[in-house]
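*Asks:* Okay, so TrEMBL annotates it like this:
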ACT_SITE  GLU293  active site
ACT_SITE  ASP379  active site, proton donor
BINDING   HIS292, HIS296, GLU375  Zn(2+) binding site
DOMAIN    28-216  domain 'CAAX prenyl protease 1 N-terminal'
DOMAIN    221-432  domain 'Peptidase M48'
TRANSMEM  6-26  transmembrane segment
TRANSMEM  156-178  transmembrane segment
TRANSMEM  190-215  transmembrane segment
TRANSMEM  306-325  transmembrane segment
TRANSMEM  345-367  transmembrane segment
Amino acid sequence: MTSFPYLEYTLASSVLVSAFQHYLVWRQYRKFAGRDVPGELRGQVPPEKFAQSQAYGRERARFSLIAGPLEEGMEWAALYYGLFPLLWRVSGRLPGRWPWPSGPAGCEYARLLVCFGLQYVISTLSTLPLRLYSTFVIEVKYGFNRTTAAQYVKDVLLSAVVTAAVGGPVLCAIHWVLARYGDQAGRLWLYVWLLLAALAMVFSVLWPVLIAPLFNDYQPLPEGALSSQILSLARSVGFPLRKVYVVDGSRRSSHSNAYFYGLWRYKRIVLFDSLLEQNSGHEERIVAVLAHELGHWRYRHTLKGMALGLARLGLYLKAYAMAAHQHRDLLLAFRFAPADFPVPSLFGLLFFMEMLAPLDNVLNYLLNAVSRRFEFAADAYAQRIGFRQPLREALIGLHIDNLSNMNPDSWYVAWNSSHPTLVERLERLREEGEGERDGKPKQN
């Protein structure tokens, strides 16, 4: 018997958090029934496009209200009936028959990889019908999906290969740190945190260079008016631009985007080909979107966001280290049997993270609030360097082309949106523009 009902607490708290999140989706679902274009958007968004956006959002929200509980129900069932303990036992029967590294340590690493590999396959297959419906029914209905069945299968298989190639070594590294320093509770969290922080930095650099090209084709932006405007913008603000790429995002979807990546003086900009297509003849709008992105660079929002994420991770790991002495009780509560021991501490860490669902929900709320402030600041930066009107047009165009939410619920935005609403952004741009004309520029 365990002294604390870890499993029951985890399930109960997860159900409560899930119920609250679905309540927020339901609130947004009701907002999608509205037919009136918000005041700030009247005359700028055609009523038929607003109606189409509302219909698309309503269908996505309805799907979320059905698919969400189904996926969560499968996760809760896996926890309650002990899927991980079962897979751990199954994996224990396999390594001895395969050419794994010799010795107990090598066998344990192999067993972990088999266990998590089986879990990945089960998770992927169990959610596959829902993902297929989302891609080939909803997205097709509204003209977004361009993924063929062959491309979809290729993506699933390639994702599995990348997950194994990247996730496998990461799992082994975390297991090694937990096993090596497990008796040093005061420092354990720091060692794991340092490992994960280093991996996050490495992946942020290597992912767009080595992994992303496996899924999409990246080609240099051809020389012309747009490339000249982008280079001129970069030079004018001191942005260390090395290359501008166009990615074939339209291979899978007509949704559009733009972003930059790279550390220090090796920045690269990526434009979706769908963004270029949707703004043909309006290159100034594309440049305005990039001016917004350069605002994130100027204010170091990416680094600040990464720092906040790592701080949250450090908090969770510190809490886990403080409870490490309850490792055995925790594993027993989550359906491991005494005969299963010794069990890697990695399972205890994963189960402990599941227990933090309420705290994670609150911290997500706070981080989303910070992210929205970052977006306002980036908009203001683009306006200050001369892109107020093109940015307004670009934001409206992006929402129309992507059928993004133009009539959001305030609670839903507060808890789930990393970006301000379109109306909020347009109002802020207008207010700051009026302030500048009055000689009182708004401070950020």
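In case you wondered, yes, glycine gets a Cβ from its N, Cα and C as well.
Because TrEMBL annotations are produced automatically, they should be read as predictions rather than curated entries.
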*Asks:* What count of other C-beta atoms do you get within 10 angstroms of the C-beta of the residue listed as 'active site, proton donor', across all chains shown?
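*Replies:* I count 27 other Cβ atoms within 10 Å of it.
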*Asks:* Return the average pLDDT for the domain 'Peptidase M48' (221-432) as a whole number.
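*Replies:* A mean pLDDT of 93 is what the model gives the domain 'Peptidase M48' (221-432).
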*Asks:* Within the same chain, where does the transmembrane segment (6-26) have neighbours whose Cβ lies under 8 angstroms from its own Cβ atoms, ignoring anything closer than 6 residues to its ends? I mean 6 or more beyond.
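*Replies:* Beyond its ends, the transmembrane segment (6-26) has Cβ neighbours at 61, 64-65, 68-69, 72, 75-76, 79-80, 329-330, 333-335, 351, 354-355, 357-358, 361, 409, 411-412, 415-416.
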*Asks:* What other residues of the same chain, not counting HIS292, HIS296, GLU375, have a CB atom within 8 A of the CB centroid of the Zn(2+) site?
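*Replies:* Apart from HIS292, HIS296, GLU375, the close residues are GLU293, GLY295, HIS301, PHE374, ALA377, ALA378, ASP379, TYR381, ALA382.
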*Asks:* What is the interatomic distance between the Cα atoms of HIS296 (Zn(2+) binding site) and ASP379 (active site, proton donor), given in whole Å?
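*Replies:* Per the Cα atoms, HIS296 (Zn(2+) binding site) and ASP379 (active site, proton donor) stand 9 Å apart.
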*Asks:* My understanding is the cutoff is Cβ-Cβ under 8 Å with a sequence separation of 6 or more in the same chain; which residues meet that for the residue listed as 'active site'?
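*Replies:* The residue listed as 'active site' has long-range Cβ partners ALA258, TYR259, PHE260, ILE269, ALA378.
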*Asks:* Let me know how many other Cβ atoms fall within 10 Å of the Cβ of HIS292 (Zn(2+) binding site).
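*Replies:* By my count, 23.
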*Asks:* When you measure from the Cβ of HIS296 (Zn(2+) binding site), how many other Cβ atoms are you left with inside 10 Å?
*Replies:* 20
